[in-house]
């Protein structure tokens with residue numbers, strides 16, 4: 001019971017940090033464009049941040065490259081990490 005309460009409290013605390021974005025033409029469907037540092041088998045991407053320009057695929061990739069990160073389209077971004085990512 002205590003674990004359940006702790007788990008729900010942590011989810012409630014993390015919810016405001018999830019940033020909802022308007023869909024862009026860079027990534028398909030509900031994927032979110034992110035610039036990520038490390039990719040673990042396409043399942044987990046680490047150290048991700050929102051790109052400064054995601055108006056087109058070339059601008060998205062260039063914006064990520066200027067910071068030394070890789071352009072990725074991720075299904076579930078959460079607290080600087082992301083799940084199920086693909087290349088744009």
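Cβ atoms here come from the backbone N, Cα and C positions, even for glycine.
The structure displayed is predicted, hence computed values, not measured ones.
Copied over from Swiss-Prot:
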| type | residues | note |
| --- | --- | --- |
| DISULFID | 27-73 | disulfide bond |
| DISULFID | 35-64 | disulfide bond |
| DISULFID | 36-48 | disulfide bond |
| DISULFID | 74-85 | disulfide bond |
| SIGNAL | 1-14 | signal peptide |
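For residue 85 (disulfide bond), the nearest of the disulfide-bonded residues 35, 36, 64, 73 in terms of C-alpha separation is 73. The DSSP secondary structure for residue 27 (disulfide bond) is coil. Within the same chain, residues at least 6 positions away in sequence whose Cβ sits under 8 Å from that of residue 64 (disulfide bond) are 35, 51, 70, 71. Rounded to a whole number, the distance between the Cα atoms of residue 36 (disulfide bond) and residue 73 (disulfide bond) is 10 Å. Applying an 8 A CB threshold to same-chain residues 6+ apart, the list for residue 36 (disulfide bond) reads 45, 46, 47, 48, 69, 70, 72, 74, 82, 85. Look at residue 64 (disulfide bond): DSSP puts it in a helix. Under the three-state DSSP scheme, residue 48 (disulfide bond) falls in the strand class. The local packing around residue 73 (disulfide bond), expressed as other Cβ atoms within 10 Å of its Cβ over all shown chains, amounts to 23. Residue environment of residue 27 (disulfide bond) contains 24 other Cβ atoms, counted within 10 Å of its Cβ in all protein chains. Packing around residue 35 (disulfide bond) is summarised by its Cβ count: 24 other Cβ atoms lie within 10 angstroms of its Cβ, all protein chains included.
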